[in-house]
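Everything below concerns the one structure shown next.
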Amino acid sequence: MDEQKDDQTDQDDSTNNSEKKQSLTACLLCAAFFGSLGSSFLYGYNLSVVNAPALYIKAFYNKTWIERYGEPISAETVTLLWSITVSIFSIGGLFGALSATLIIKVLGRKGTLLLNNSFAVIAAVLLSLGEMSRSFEMLIIGRLIMGVDSGIALSALPMYLGEISPKHFRGMIGQFNSILICLGVFTGQVLGLPELLGQESTWIYLFSFLALPAMLQLCVLPFLPESPRYLLMERRDEAGAEKAFQRFLGKKDVSQELEEVHMESRAQDKLHTVSVLQLLKSPAVRWQLITVIITMACYQLCGLNAIWYYTNGILREAGFTESILPYITLSTGAIETLAAIISGLVIERIGRKPLLIFGFFSMAVFFSLLTVFLNFQDRVSWMPYLSYVCILAVIASFCSGPGGIPFILTGELFEQSYRPAAFMIAGTVNWLSNFTVGLLFPFIQETLQSFSFLVFVAVCILGSIYLYVVLPETKNKTFMDISQSFAKINKMPIPSPGQEMELVLSINSDTNGKAQDATKMQTSL
């Protein structure tokens, strides 16, 4: 027995040493970058791209209305049409999140990402031709379809990135999702400048640009492997999974990775991909589900979206003219991108849990300071500058952890059979919370004025406390290890070391048995 323990310890040490020596491969980086480029980048781009041409789009609505009905459009109607154009993106995102599970089950992770590009191309065509066709309905439908694209992407992409990454790089690769979202926001701000595409004659090209990242992904992603976990556990394609692991990891011997997936598969041997209802009823993953719901709700309700309501007003109070406001607001997109990149570089050193708690708590601190500064900016001339610094600090705090880690956690906290349903629930919470903020914040702002940010202070503090108490650290852990971390709080039995050893031995015996059968067959022939 002692010899078995020593052998197991030596094996673990050699495993850890080999993992430390292993480096990122070009195949893994390409899959992360191009997978995110046609997915999360487009989501971020669509968050910011409608801001620059807002006046031109409203003028187009008015011109079309006059051509149809012979009279100018009323202020209430143009506001309603504009609100629908902006908010229907979230409705489309909800539809996309609800449909993602079925598409992923049929087409796999990579296949879903490839199919999703068709939605982006269709949306780009509708949005680009809407003005030429004198149809504002085409713009609204295009935004709806683009929302569907984003809803599917934010479910399929984090799942794909989490399953193709080795455990010691899983957080870093997963942060490509957040980095490309921020880069998309920044790109939308840059292209929307008056010197580029933010003009009355060129604003439609802002929407034509949507097709470019989608086409780039269509050109590259087909030549990259599917998720090896999906191939092995759901398609039972061991040869395909082995080749995928070899390309992603850059080594020939991937027996250890295959064995890890086999262990997870054997532990769930009687479980097929579960439905959302089965996931909600399962006591084995109850606290994982609660954690993902709370984390994803805090992701949207922490107040970042509300920051944009105040940014331009604070800059005007500071004395900046309207003509230079677009250039100054570029700093928000730049800070977002820089903070997300730094978070991706340090996440494997610091861990998910500390970055999440630090991000939410820092946001609470800076929101509190912003509330104080906003109430004194009429009395002190330089106070608006401090307010703007607080806004930048809130954005940096968000992108350092809460901006990307909730998507990583959704993939890490659930084993293979639960993962699609978990992403469906997380996506639904994400888009409903997004819609709720857009719907309720104007009323909160009208009632509480500058004290409206105190609502977000409470959300951030409560989220930090919950994560500190409940969430275990997940860095450098296998999916089975993470599930066992929740076993106690879920009141589920934890497999003993002897049971785990029996599982490994049974897998090895199956492999040896297949080898012996093959040898006997060759001898008989």
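Glycine residues also receive a Cβ, built from the backbone N, Cα and C atoms like all the rest.
Because TrEMBL annotations are produced automatically, they should be read as predictions rather than curated entries.
Owing to the predicted nature of the structure, the values given are computational and were not obtained by experimental measurement.
Listed features, source TrEMBL:
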type     : residues : note
DOMAIN   : 32-475   : domain 'Major facilitator superfamily (MFS) profile'
TRANSMEM : 24-45    : transmembrane segment
TRANSMEM : 80-104   : transmembrane segment
TRANSMEM : 111-129  : transmembrane segment
TRANSMEM : 141-161  : transmembrane segment
TRANSMEM : 173-191  : transmembrane segment
TRANSMEM : 203-224  : transmembrane segment
TRANSMEM : 289-311  : transmembrane segment
TRANSMEM : 323-347  : transmembrane segment
TRANSMEM : 354-373  : transmembrane segment
TRANSMEM : 385-409  : transmembrane segment
TRANSMEM : 421-444  : transmembrane segment
TRANSMEM : 450-471  : transmembrane segment
Are there residues at least 6 beyond the ends of the transmembrane segment (141-161) whose Cβ is under 8 Å from a Cβ of it, and what are they?
31-32, 35-36, 38-40, 42-43, 46, 85-86, 88-101, 103-104, 109-110, 112-113, 116, 119-120, 122-127, 130, 173-174, 176-177, 207, 210, 227, 407-408, 410-411, 419-420, 423-424, 426-427, 430-431
Grab the same-chain neighbours of the transmembrane segment (289-311) for me: Cβ-Cβ under 8 Å, and only residues 6 or more beyond its ends, written as numbers and ranges.
279-280, 329, 332, 356, 360, 363, 367, 374, 387-388, 391, 394-395, 398, 402-403, 405-406, 409-410, 413, 422, 425-426, 429-430, 433-434, 436-438, 441-442, 445, 452-453, 455-456, 459-460, 463, 466-467, 470-471
Compute the average pLDDT of the predicted model within the domain 'Major facilitator superfamily (MFS) profile' (32-475).
87
